[in-house]
C-alpha cells in the first residue's frame with residue numbers, strides 16, 4: 001500500500017490506528033479474510049518458494065546440516081530434562097521442523113525440543129510417562145493454533161522484559177540443578193529447585209567418581225571451545241588472507257559442532273570402557289527406527305501398576321496436565337517470538353502467524369510421540385550465523401534426524417549421561433541473565449524488583465505458578481499506575497489578574513483513579529477557595545465511573561458557588577461526560593475565554609444572591 | 001494548613017502529590033504516625049464530642065429513635081435472608097452501632113445488618129448455622145480492620161460504577177427471589193438465582209393462600225405509603241402554614257415508620273388468627289433477653305447429626321467460609337463508602353477510617369452472636385433526613401434494640417413471615433438500578449456491557465464469584481487500554497522545508513504496549529522513508545521493557561540510516577531510557593532545533609559514506 005498524498009495518509013492512519021475501539025480484531029477479521037494477501041500471510045511458503053534460487057539453497061543446506069548436528073545431542077539431552085527416554089527428543093525434531101517450513105514466518109526459527117519446553121513438560125507430566133507428554137504436545141499445539149486463529153498473540157505482550165528475564169534465569173538454574181545429579185551420578189527426584197538440591201545432598205554419598213570426572217571435564221572443554229570459537233586471527237580491520245579466513249571459519253565450525261564432538265568422543269570412551277557393565281552411567285538402549293505414526297492417546301492409556309494393567313482415562317490425563325496446557329503453549333510462543341525479534345533486523349514480527357506455525361508443528365509432532373517443542377534460541381543463533389536464507393533449512397535438519405533414527409541408534413547406547421548433562425550445563429549457564437541487572441537498576445528500580453520476585457517465585461514454586469505470580473505482580477503495577485495519576489496543581493493568574501487554580505491530571509480518567517482525583521480536587525479547591533480550572537489536555541479516555549464523578553464534582557462546586565471550568569477537553573471524552581447530562585459543566589479551549597467565563601459566572605452569582 | 005505564597009504552594013504540591021513513587025504509603029506512615037492530628041483522625045469522637053451541644057443532641061435523638069423503629073423489623077427480616085433465626089439480626093444491631101460512634105467518620109452511617117451482607121452471609125455459611133455466621137462476622141471485622149491499618153481502602157476503587165450497579169441489581173433480584181418463597185409459603189432451598197426459581201416452581205402446588213394474600217397486600221400498602229411520604233401539600237415555593245408543615249411532617253413520619261406499622265398491624269392479625277395453630281406462617285418463638293457475651297467459636301463447635309454430637313473443628317469452619325472471608329468485608333466497605341459519598345456534601349471520604357470503624361464494629365458484634373453488618377443505605381437516608389448531627393445517633397438506635405430484646409420478644413412470636421418478606425421486597429425492588437442503563441449507554445457503551453456481564457454473572461454464579469468475574473473483566477479493560485495506546489501519525493514539514501513523520505503516542509509507554517508501538521513505528525517509518533520524530537509530550541511514564549524497545553528502535557533506524565529524534569521527552573522518562581545507554585538517542589525540546597539536527601545527521605551520513 002503506497003499513499004502518495006500526505007493529507008490522505010494522515011486521515012487514513014487516524015481512521016485505521018487512531019480510533020481503535022472495543023474488539024477491533026472482529027472488524028478487521030470481517031474485512032480482511034479470504035483475500036490473496038491474507039493467504040500469502042498465513043502460508044508464507046507461497047511467498048518465498050517461487051523466488052527460491054541457488055544461493056538460498058546453498059545457505060539453507062549448510063545451515064540445516066549444521067543445526068542438525070547440533071540438535072541430535074541436544075534432543076537426547078533434553079529428553080532427560082523432560083524425564084523421558086532419549087529417543088523422544090529425536091521424535092520431536094523432524095516432522096515439526098518440516099511443517100514449520102510451510103507456515104513459519106521467520107527463517108531462523110529451528111522448531112524442535114528446547115530446554116525450557118522440556119522442563120515445562122517434566123513439571124506438567126509429573127513423572128507420569130511419555131503418554132502424558134504426547135498428549136501435552138497435542139494440546140500445546142492446539143492451544144497455540146486456536147490462539148493464532150483468534151489473534152491472541154498479543155497475550156505475550158503481558159510478559160514484560162523483567163518477568164521474562166526472571167523466568168528464564170530461574171529456568172536455567174533449575175535445569176542446571178536437574179543436570180548436576182546426572183554429573184554426580186546420584187539419585188535426586190523432584191521438580192522444584194529447593195527440593196532437588198535437598199535430595200542431591202541426601203544422596204551425595206553415592207556420587208559416582210567416573211561420572212563426575214567425565215562431566216566436569218566435558219563442561220571445561222565445552223566452555224573453552226565456546227571461547228575459542230569467538231576468537232579470530234588476523235587484523236580486525238582490512239582484508240584477511242585466505243588462510244586467516246579459513247582458520248577463522250574452522251574455529252567457528254569447531255565451536256558450533258562442539259556438542260556433536262563431545263558426544264562422539266565420549267561415546268567412544270563409553271564404548272572403550274564397556275565390558276558388559278560400565279563404570280560410567282550410559283544412556284543405554286535407544287530403539288532404532290522411526291516412531292510409528294499414530295494419534296495421541298485420546299482414549300487414555302494403560303499403565304502397569306504392581307504387575308497389573310490399570311486404565312488411565314483421558315479426563316484423568318487432562319486433570320494431571322492441568323495448567324501445563326495453558327503455560328506450555330504461551331512460553332513456547334515467548335521463546336519463538338524472542339528468536340524472531342532477535343533476528344528480524346527491525347522488521348515487525350507476526351505473532352499470530354508464529355502461533356499458527358508452531359501450533360501446527362506441535363500437533364504434527366504429537367502424532368510421532370514427541371513432547372512439546374518451540375523455537376530454540378541457541379540453535380537459531382547457529383542457524384542465522386550459518387547463513388540460513390529461508391525456513392527450508394528445517395528440511396535438512398529433519399533429514400539428518402531421520403537418518404540418525406534409522407542408522408545411528410545402536411551407537412547412542414554408549415553415550416555417557418554425564419556428557420549430555422555437561423552439554424546442557426554448558427549451554428544454560430548463559431541463560432542466567434545477570435547482565436540485565438545493571439541496566440535494569442539504572443533504568444527502573446521497580447522493574448528490577450519485579451524481575452527478582454519472578455526469579456525467586458519460579459525457583460521456590462512450580463514454574464508455571466512462578467511465572468503467573470510475576471505476571472500478576474506486573475499487572476498490579478499497571479493497575480496502580482492507572483489508579484494513581486500524577487496531578488500537578490498550580491496557582492495561576494489570568495490576563496485580567498484573577499487568580500485561579502490549575503489542576504492537571506497527566507493521564508486518562510478511568511475508574512480506579514476517579515475517587516482519588518475527586519478527593520484531591522476537592523481538598524485543594526476548598527483550601528484555596530478560588531476559581532478552579534481542570535486542564536484535560538492529557539486526558540485521552542474516560543469511562544462511566546469518571547463521568548459520574550465529574551457530575552458530582554460540578555454539583556459540589558455549584559453548591560459552594562465556586563467556579564469550575566474544564567480546559568481543552570477532547571470531544572470524545574466530552575461525549576462520555578455529557579452522557580450523564582451534568583449541569584454547570586463548562587468546557588473552553590482558548591485561554592482568552594477564561595476571563596469572560598469568570599465574569600459571566602460572577603454576574604450569575606450576584607443575580608442569584610439578589611433573588612435570595 | 002494554609003499556604004499564602006503561591007510559589008510555595010506549587011512546590012509543596014509537586015513534592016507531595018506530584019512525585020508519588022512505589023509504596024508511597026510506607027513513607028507517609030513513617031512520617032505521620034503518632035501525631036495529634038492522626039489521633040483525632042483515627043478516633044473522630046475526640047473531634048466532635050467537645051463541641052457537642054443541645055441542637056446536635058436533639059437531632060441525634062430524633063434520628064436515632066427513627067432509625068431504631070426502622071431497624072427492628074429490618075433486623076428480623078434480614079435474619080431470614082441470612083437463613084438464621086430472627087433474633088440474630090437484632091443481636092447485630094446494638095453493640096456495633098455503639099462502637100461506630102467512637103471510630104466512625106460519617107454521621108449518617110447506621111451500622112447494622114444489611115440486605116446485601118445478609119445475603120453474602122447466607123451464601124458463605126451455606127446453611128451451616130449461626131456458629132459459622134458469627135465466625136464470619138469476626139473475620140469480616142478483622143479483615144476490614146487490618147485493611148484499614150495497612151491503608152488498603154483504595155482496593156474498592158477497583159470496583160467501578162458499572163460493576164457495582166450490576167452487582168447491586170443482581171443482589172436485589174436474588175433477595176427478592178428468596179423472599180418470594182416466604183410470600184408463597186413454599187419450600188425452596190438454594191442460594192443461586194436460577195436454582196431458587198426452579199425449586200419454587202417445583203413446590204408451587206404447596207402455596208399457602210393466607211401467606212400469599214397477606215404478603216401481596218403488605219407490599220401494596222408499603223409501596224403506597226412510600227409514595228405518600230414523598231407527597232407534600234401547600235405551595236412548592238414560599239412560606240408554608242404551620243398546618244401544612246405539620247401535615248407534611250406527619251406524612252413523612254408515616255412513610256418512615258411504615259415498616260414498623262406493617263409489623264405491628266400484621267402482628268395483631270397473626271395474634272387474632274392464632275388458636276394453637278395459625279393459618280399464616282409465623283416467625284415463632286424468639287428467645288427473650290440480650291445475647292450472652294462470648295468469643296466467636298474459635299475452637300470449633302458441636303453440631304447434632306443423626307442424634308449424635310459431631311465436633312466441627314475451626315479449620316473446617318474456615319474452609320467452609322472460604323472466599324466469603326474476603327468478599328464480605330470488601331462489599332461491606334463498598335456499602336458503607338457509598339453512604340459516606342452520598343451524604344458527604346463534596347467533602348473527601350476517608351475509606352481507611354471507615355474500614356477501621358466498621359471492622360471494630362463487626363468484631364464487637366461477633367462477641368454477641370451477630371452476623372456481619374455494614375452501613376445500610378436505606379436507614380442512612382432516613383438518618384440523614386431525620387436531621388442526625390453526629391454518629392451519636394447510633395446510641396439511641398442501640399438502646400431501642402436492647403429494649404426490644406429485653407421486653408418485646410414475646411410479641412414477635414405472632415409476626416407473619418410474609419409481612420417481613422413484604423418489607424424486604426418493597427425495599428429491594430428499588431435497588432435494581434434500571435435508571436443507570438440509559439446514561440451508561442449514552443456515556444460509554446462498553447461500560448454498559450460490563451455492567452450487564454456482572455449482573456448476569458452474579459445471577460448464575462455464586463455471588464462472590466460473580467463480582468470477581470466483573471472485576472476481572474474490568475481489569476482486562478484497563479490492561480487493553482494500557483496495551484493499545486492511540487498513535488497519531490502525521491507528515492509534517494520543517495521551517496526549512498524538510499518533510500518528516502511525526503508519531504505521537506497518547507499515553508505512557510509501559511510493557512504491554514511497547515511491541516505494538518514498535519511495530520507501528522517500524523511499519524510507517526519504512527513505508528515513508530523520511531526522518532521520523534516521536535513526540536513524547538504525552539508520555540509521563542516508561543519502564544525497562546519500553547527502554548529496551550527504544551534501544552532497539554534507535555539501533556534499527558541507525559542501521560537503515562534513517563534519522564530518528566525524540567521530541568519533548570520528560571526528564572524522568574529520559575532517565576529510564578538512558579539507563580540502557582542507547583546509542584543514537586537524540587532528544588530535543590524546541591521545534592527550531594529540528595532543522596539543525598537534521599543537517600548535522602546528514603553531514604554525518606555523508607562522512608560515513610565517504611569513509612566506506
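Every residue gets a Cβ built from N, Cα and C, even glycine.
Unlike curated records, TrEMBL annotations are generated automatically.
Residues or ranges marked as domain 'SLC26A/SulP transporter' in TrEMBL: A:59-451.
For A:497-584, the entry in TrEMBL reads domain 'STAS'.
A Cβ distance under 8 Å defines the sequence-distant neighbours of the transmembrane segment (A:61-82), meaning residues of its chain 6+ beyond its ends; these are 88-90, 92-93, 110, 112-115, 118-119, 121-122, 125, 133, 175, 178-179, 182, 256-257, 259-260, 262-263, 283, 286, 371, 376, 378-379, 382-384, 386-389, 392-401, 404, 412, 415, 417, 420-421, 423-424. The transmembrane segment annotation in TrEMBL covers A:61-82 (among others).
Annotated transmembrane segment per TrEMBL: A:88-106 (among others), in sequence order. The list of residues near the transmembrane segment (A:88-106) in space but at least 6 beyond its ends in sequence, with Cβ under 8 angstroms from a Cβ of it, reads 42-45, 71-72, 74-79, 82, 112-113, 118, 130, 133, 137, 291, 336, 339-340, 343-344, 349-350, 353-354, 356-358, 360-362, 364-365, 367-373, 375, 391-392, 394-395, 397-399, 401-402, 404-405.
The transmembrane segment annotation in TrEMBL covers A:133-156 (among others). Counting only same-chain residues 6+ beyond the ends of the transmembrane segment (A:133-156), those with a CB under 8 A from a CB of the stretch are 25, 28-29, 82, 84, 88, 92, 121, 124-125, 296-298, 317-318, 321, 324-326, 328-330, 332-334, 337, 350-356, 358-366, 369-373.
Annotation source TrEMBL lists transmembrane segment at A:209-229 (among others).
Annotated transmembrane segment per TrEMBL: A:250-274 (among others), in sequence order.
Distant neighbours of the transmembrane segment (A:394-413): 60-61, 63-65, 67-69, 71-72, 75-76, 86-87, 90-91, 93-95, 97-98, 100-101, 104, 110-112, 267, 282-291; these residues of the same chain sit at least 6 beyond its ends, with a Cβ under 8 Å from one of its Cβ atoms. The transmembrane segment feature in TrEMBL is assigned to A:394-413 (among others).
Here TrEMBL flags A:419-437 (among others) as transmembrane segment.
Residues annotated as transmembrane segment in TrEMBL: A:449-480 (among others). Panel annotation: around the transmembrane segment (A:449-480), residues 119-120, 123-124, 158-160, 162-163, 165-167, 169-171, 173-174, 191-194, 323-324, 326-327, 331, 436-437, 440, 512 of the same chain, lying at least six beyond its termini, place a Cβ under 8 Å from a Cβ of the stretch.
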Practice prompt. Pull the DSSP breakdown for the domain 'STAS' (A:497-584) and write it out as helix, strand, coil residue counts.
Written response: 43 helix, 17 strand, 28 coil
Worksheet item: Over the domain 'SLC26A/SulP transporter' (A:59-451), what is the model's mean pLDDT?
Response: 88
